[in-house]
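According to TrEMBL:
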- 6-27: transmembrane segment (TRANSMEM)
- 60-81: transmembrane segment (TRANSMEM)
- 93-114: transmembrane segment (TRANSMEM)
- 126-149: transmembrane segment (TRANSMEM)
- 254-275: transmembrane segment (TRANSMEM)
- 287-305: transmembrane segment (TRANSMEM)
- 325-346: transmembrane segment (TRANSMEM)
- 367-384: transmembrane segment (TRANSMEM)
- 390-407: transmembrane segment (TRANSMEM)
- 440-459: transmembrane segment (TRANSMEM)
Amino acid sequence: MERAEAYGFSGAMSGAFLLSCLLFAAVSRRQRGPYMDEVFHVPQAQAYCHGRFLQWDPMITTLPGLYLLSVGVVKPAAWLLGWTGSVVCSVGMLRFINLLFSAGNFYLLYLLLFKIHQKNKAVSGFQRILSALTLAAFPTLYFFTFLYYTDPGSVFFTLFSYLMCLYGNHKTSALLGFCGFMFRQTNIVWTVFCAGNVVAEKLNEAWKIELQKKKDEKISSRKGSFSDLTRILQFLVEYLLSPKNLVTLTVLTWPYIILVSLFFVFVFINGGIVVGDRSSHEACLHFPQLFYFLSFTVFFSFPHLLTPTKIRKFLLSLRKHPVQYGLVTVISLFLIWKFTYVHKYLLADNRHYTFYVWRKVFQRHELVKYLLVPFYLFAGWSFADTLKSKSIFWILMYFVCLLAVTVPQKLLEFRYFILPFLIYRLNIPFLSLYRQLLELAFYILVNAVTFYLFLNRTFQWENNDEVQRFMW
């Protein structure tokens, strides 16, 4: 990092943290007590603060990573500063943990952008800082910086694990992956993703050697016709069936293999992936979740995905490959018809934006969910098109992880999309400065509206005196 870039990054991070502190104070003044899921998380952390480590709220569905880390930070800080009484492990103190995670996420996002795009000399330091600032302000994640939720910590340890993986520190990466797993069990998918990065790199090297041997310039490891894809899949099967190659991959990825093995032991002993209340968190094959994620990604990455050039290229591709698109359309319609699930929370809780998305869009008419298929096709094509700079093996690995983390979820919840979105966004090429600024301005606008609604547009339910607020 050059000196000017270091100063610029320090200034951006300091300014963002100061602004977050001011917003944190505003949220804490308006909502002093626990809100939404905080009514479970805060008392559990406070029980740990008082040494009651065997106490557990059965409504909590995640492992106790957030509470253990909170106690590990708050108790020493309180001892050093001489704090006693109710201020220790208060709601505000616990929420502040996520403000620290938010600052850490900003730094990790910058380091990941630097590492992933280090070969692209056309990218300036200012663009890296601007992109890191934009992703740190990603609305769905940024909102939960100010509440005591698992999301900021979950993202922190997952991004840290990914960074260590890219630098080849796989034992450290697996250890950080374990920390992420302790915040949210589904983060084990991103441990598999880190192992997949190693596997994809070895596969790409072997594929290039294969191409060189056959001296076939028409086959590409990045993109190509259906026959090229068939050749690649055939190579993939042959490579993975070789005992020598399997031994090599095992030696490279053994820390991740151990962690994934421990995960399966946990699932066996626990009787499932969810701890606590399982009745509202049942796994199912909810394939339309992939379509919801693609729509979510287009919305938050429209400067990348929703451009006139992209639309023209998509229409040209549609004209060139009508049979393939027709087949995908039929499959999509079938998946929507047979595998659409509506969680009871989605229909009942009018505090979440997803309630209004579902009511205003999908519940307007039974046919709406089918009429959206052309948009899903464009979203999927545009999404894949922005990843064409990655190897085909990396894309296959990411897509498998994307399916694993979204499809089993019955509830449409935007928080489930945070990590797959960030991993995607980190790996696509940089835009022009104008489009980067447009993206940042859009995030700032969405955040401003979100916090205005949360702080000022309160409402109450019938037969309930508690103040209700709109949120992600």
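For all residues, glycine too, the Cβ spot is worked out from N, Cα and C.
No curator has checked TrEMBL annotations; they are predicted automatically.
Just so it is clear, the model here is predicted, and its values are computed rather than measured.
Using a cut-off of 8 Å between Cβ atoms, the transmembrane segment (367-384) and the transmembrane segment (440-459) share fewer than three residue pairs, counting only pairs 6 or more apart in sequence.
Remote same-chain residues near the transmembrane segment (440-459) are listed as 23, 26-27, 30, 130, 133-134, 137-139, 142-143, 300, 302-303, 467-472 (criterion: CB distance under 8 Å, separation of at least six residues from the stretch ends). Of the Cβ pairs linking the transmembrane segment (126-149) with the transmembrane segment (325-346) and spaced 6 or more residues apart, fewer than 3 are under 8 Å, so the two regions do not touch. In summary, the transmembrane segment (6-27) does not lie against the transmembrane segment (325-346): fewer than three C-beta pairs, each 6 or more positions apart in sequence, are under 8 Å.
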